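Annotated features in TrEMBL:
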- A:LYS76: active site, charge relay system (ACT_SITE)
- A:SER151: active site, charge relay system (ACT_SITE)
- A:SER175: active site, acyl-ester intermediate (ACT_SITE)
- A:22-468: domain 'Amidase' (DOMAIN)
Amino acid sequence: MIEHSLQAMAAALANKEISSVELTQLYLERIARHNSQLNAYITVDPARSLAQADAADARLARGEGGPLTGIPIAHKDIFCASGWLTTCGSKMLSNFVSPYDAAVIARFHAAGAVMLGKTNMDEFAMGSSNETSFYGPVHNPWDDSRVPGGSSGGSAASVAARLAPAATGTDTGGSIRQPAALCNLTGMKPTYGVISRYGMIAFASSLDQAGPLGRSAADCAILLNAMAGFDERDSTSLDRPAEDFSREINATSTAKPLAGLKIGLPEEFFAGGCSPEVMQLVEAAIGEYRQLGAETVSIRLPSMGLSVAAYYVIAPAEASSNLARFDGVRYGYRAPDYQDLNDMYCKSRAQGFGDEVKRRILIGTYVLSHGYYDAYYLQAQRIRRLIANDFASAFQKCDVIIGPTSPSTAFQLGEKAADPVQMYLSDIYTIAVNLAGLPGISIPCGFAGGLPAGLQLIGDYFTEARLLNIAHRYQQANAWHLQRPGGFD
Amino acid sequence: MIPYMASSFNNLGDFLPMSLTLEQVRRVAHLARIEISDVEARSTLGQLNEIFGLIEEMQAVDTQGIEPMAHAQDVAQRLRADVVSESDQLAQRAAFQAIAPETEAGLYLVPKVIE
């Protein structure tokens with residue numbers, strides 16, 4: 001059952017081969033058995049999950065089930081869920097039981113999905129290795145001495161080890177795609193504004209976007225169908241007609257399903273900076289795409305080299321503003337001893353935030369401070385426009401852009417933890433996509449030294465259905481995405 | 001929200017921060033309301049300078065005439081009518097205050113600020 005696609009799981013539930021309670025129990029048992037090795041979950045609440053499964057079974061019995069009714073889903077601990085501890089990987093929120101549901105949680109609930117638990121993550125989603133979590137690092141199921149990627153590392157590790165059929169994540173600079181690459185999963189960041197940010201704890205609001213992490217593009221399309229939609233409570237949510245993101249995947253296939261597709265290969269992605277083993281797998285994947293009928297064209301993204309610099313101004317600036325709300329007054333951690341109000345703020349924040357979060361708040365506070373705003377924040381936003389313009393020109397010449405997701409396979413725990421700049425550079429291929437607000441997806445494309453590598457596909461705005469189909473056709477032609485790590489029986 | 005004083009935004013120093021000073025790190029930490037020890041300020045200084053080394057790449061780019069970009073779709077902020085939209089406000093308040101460090105009679109308690 002744990003290797004069933006979401007569609008096959010839904011069919012098994014509909015045919016009464018298995019009940020939602022049994023399916024949920026199966027995953028809860030797997031979590032109980034294997035989570036101590038991975039540290040993928042922060043919170044599991046079997047009684048709550050099983051009560052939801054029970055309700056899903058009743059709904060299925062009434063014949064009112066949908067594609068996700070009764071299927072357990074793990075949620076990144078950045079999504080507020082009513083009655084659930086919602087920590088965002090931080091000591092600051094280690095006592096925060098949310099009084100309300102995030103839009104994403106409410107949408108899964110409305111679809112009848114079961115909430116399997118809350119997954120570990122880098123503190124406030126700031127990290128690329130899941131090592132900044134107050135709850136300790138997550139281990140990569142492919143090699144537990146290595147990182148799973150981040151910030152959605154717990155979500156990725158849980159799905160990779162089959163401790164969840166699928167999971168949610170968020171992606172501000174690569175936090176869905178990079179862990180997907182490092183854990184052999186399919187992970188998508190949709191166009192900015194497609195999924196509501198309501199109740200998703202804010203890091204950098206102009207970049208943050210939720211998305212699915214699954215075992216295939218077809219699964220991700222089903223998850224995205226549940227997650228996407230306009231929400232008036234998110235001021236940047238886009239009011240667009242509903243669409244079925246599975247529609248191209250479900251269309252009939254031919255021998256050359258991607259005939260006529262133009263794949264853009266940015267010179268900047270192939271100019272070094274990527275490990276040769278990963279690049280070899282990416283090149284092989286591009287060859288497979290040609291077999292499927294696609295043609296390739298060389299393109300340029302000249303401002304792409306500035307994306308990390310612009311990102312490390314914009315993201316910390318927005319974070320310093322967003323995280324000002326954690327003051328020890330209305331919720332979250334308050335220091336036990338202090339002299340006055342100001343001391344209470346300073347001590348609560350010093351004790352409640354970890355080092356990486358503090359570092360980013362300080363950078364953000366600095367770049368927004370008097371006299372530096374134009375030189376840093378505005379300059380970064382102008383560079384952001386240049387990067388978006390680069391993509392716009394590129395999409396005049398191609399339908400989709402392909403390259404590596406991450407410059408290397410999973411690195412060792414501790415390898416980059418003491419060197420923030422090295423850690424930041426592990427997102428060089430993903431960050432530009434967030435700055436431009438485009439949709440991107442990472443799919444498994446093979447193994448180097450026993451560790452998975454990811455292929456990144458970037459589409460123009462609102463081409464999620466097409467991107468998912470381009471990923472799906474590749475997954476129909478090989479079995480990389482079906483490989484799972486040993487040792488989690 | 002933490003009430004920043006407008007005046008405290010001034011006087012961070014006039015030179016561009018190819019390298020920050022220890023004093024600047026302390027001032028920024030104060031603006032951000034994060035207590036920082038001397039040892040922490042020293043180690044933070046080195047890390048921030050490395051990060052600013054990366055960020056400084058931006059300054060070489062000519063962006064004259066380029067409009068800053070805040071949202072990919074350049075949408076305008078939606079407005080709504082200024083009316084109460086929540087129902088059952090007392091129950092809502094109780095639910096939200098149940099997770100506060102200290103409350104009394106519907107109010108959040110903080111250390112005394114006026115002598």
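Just so it is clear, glycine is given a Cβ too, placed from its N, Cα and C backbone atoms.
Structure coloured by features recorded in TrEMBL.
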residue  : record                               : Cβ neighbours (10 Å)
A:LYS76  : active site, charge relay system     : 31
A:SER151 : active site, charge relay system     : 35
A:SER175 : active site, acyl-ester intermediate : 37
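Reduced to three states, the DSSP call for A:LYS76 (active site, charge relay system) is strand.
Those active-site residues from the list A:LYS76, A:SER151, A:SER175 that have a Cβ under 8 Å from chain B Cβ atoms: none.
Reported as a whole number, the C-alpha separation between the residue listed as 'active site, acyl-ester intermediate' and A:SER151 (active site, charge relay system) equals 5 Å. On the 0 to 100 pLDDT scale, the domain 'Amidase' (A:22-468) averages 97 in the predicted structure. If you measure from the Cα atom of A:LYS76 (active site, charge relay system) to that of A:SER151 (active site, charge relay system), you get 9 Å.
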